[in-house]
Amino acid sequence: MLSTYREVLRLPGALAFSSSGLLARLPMAMVGLGILFFTSGVTGSYGLGGLMSAAFSLSAAAGMIISSRLVDRLGQHKVLGWLIAAESLGLGLFVISMELSWPMGISAVIVVGAGACSPAIGPAVRARWTFVIARVDSASSPKLRTAFALESIFEELIFTIGPLITAWLAISLALPAPILLAIVIGVAGTLVLIRQRSTEPTPAPLHQSKVPHVAAFRHSGVLLTIMSAIATGAIFGSYEVSIVAFATEQGAPEASGLLLAAWALTSMCGGLWFGSRHFRAPLSRQLVLITGSLTVALAITPFLNSLTTLAFASIISGALVAPLLITIFSLAERLVPNAQLTEGLTFMNSGLTVGLAFGITAGGYLIDASGAAFGFALGVAAAAVAFLVAVIGQRRLQRSVRTDGSIPPTSALNTEPIPGPAPGGFNIDDRQ
């Protein structure tokens, strides 16, 4: 199985851009939680900390839709450097504003601005994989699926390690330490990535296009995958907050981190296996099978009554998480024109982010009102929606998938929200 991954990493420049992309993505698992720790520590309000963190994440999702078009037209090296510089300055100014007790409204505006400049690196690396593989094989090569799986696995690692580093730094060193470290890591990783020009996809200037420009979501099938991404994000968000609530109800809140880690670990294993296999079934049918299986796996969670049974449910459902993400991003890559891959992947990411925020927020309100079982029920409902979208849209997706083997002249951005011990998985309010 591992030989499949070694094969793609041996492609010219692959190990270099994939490893630097891994470093550049680590801050995406640190900044949100770092803002939560810092704001709540300074103000004493965990609610305000959560709002600040959500404001950063949602503004990043919105900003990337705009910046992704610039990356498509100008290239990664001309855009990502400016974005990381602007985000770093914004986060640094946010730290100063909180330390100097500036009005909270000003700090909120600063953090929203910083988020809007976030250079989410995931699809930038995925676009390089598409470009590099297409030079030695076809763009529809099975190697691309393996490469996408590898990146999803790396992101599982990021969202397992990042929050742990953040929590340790904030508690043991200083509240703003995680944000400051994330700035340094993000700048270093991004600069190393954009210096690798030989694997950077060729930009596609708008004036060179032979067809009128339309938004990526207007292409056939893209809205269906965005809807799937939103539903998938809602699964992640509701499941994460429900695990924390369930563990607290069982008198063992500290077990929530272990349960989330188990979910992320089995997802990683599922992604390793899924990415090393090449299936004959079209991507649209794979989406139906995976979302249907996940719905069945989650269906028992509202009725569980022990941490042991929840652990087993997390292991089973977690194994389907990375394959679902791999399939969604693979579909997006094949649904949009070559010159709009950045924009198309960014819409998927934004859908995941919106769904994640909805799942955490709605799940939290349901849990406050009725208990963890209702939070799990929301996750089941979201999985059912994803399944229905896949079933209803299967034929359209199958007709819309590109089969050409051209090299996509583009690059892409992402802060892919991956389940694991992410910000919502930590109960840091020890006053309760």
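Each Cβ is built from the backbone N, Cα and C atoms, and glycine gets one as well.
Record features, source TrEMBL:
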- 402-432: region 'Disordered' (REGION)
- 21-40: transmembrane segment (TRANSMEM)
- 46-67: transmembrane segment (TRANSMEM)
- 79-98: transmembrane segment (TRANSMEM)
- 104-125: transmembrane segment (TRANSMEM)
- 146-171: transmembrane segment (TRANSMEM)
- 177-194: transmembrane segment (TRANSMEM)
- 215-236: transmembrane segment (TRANSMEM)
- 256-275: transmembrane segment (TRANSMEM)
- 287-304: transmembrane segment (TRANSMEM)
- 310-332: transmembrane segment (TRANSMEM)
- 344-367: transmembrane segment (TRANSMEM)
- 373-392: transmembrane segment (TRANSMEM)
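Of the Cβ pairs linking the transmembrane segment (310-332) with the transmembrane segment (46-67) and spaced 6 or more residues apart, fewer than 3 are under 8 Å, so the two regions do not touch.
Remote same-chain residues near the transmembrane segment (177-194) are listed as 17, 20-27, 30-31, 33-35, 37-38, 76-77, 80-81, 84-85, 87-88, 91-92, 94-95, 119, 121, 124-125, 165-166, 169-170, 200 (criterion: CB distance under 8 Å, separation of at least six residues from the stretch ends).
In summary, the transmembrane segment (104-125) lies against the transmembrane segment (344-367): three or more C-beta pairs, each 6 or more positions apart in sequence, are under 8 Å.
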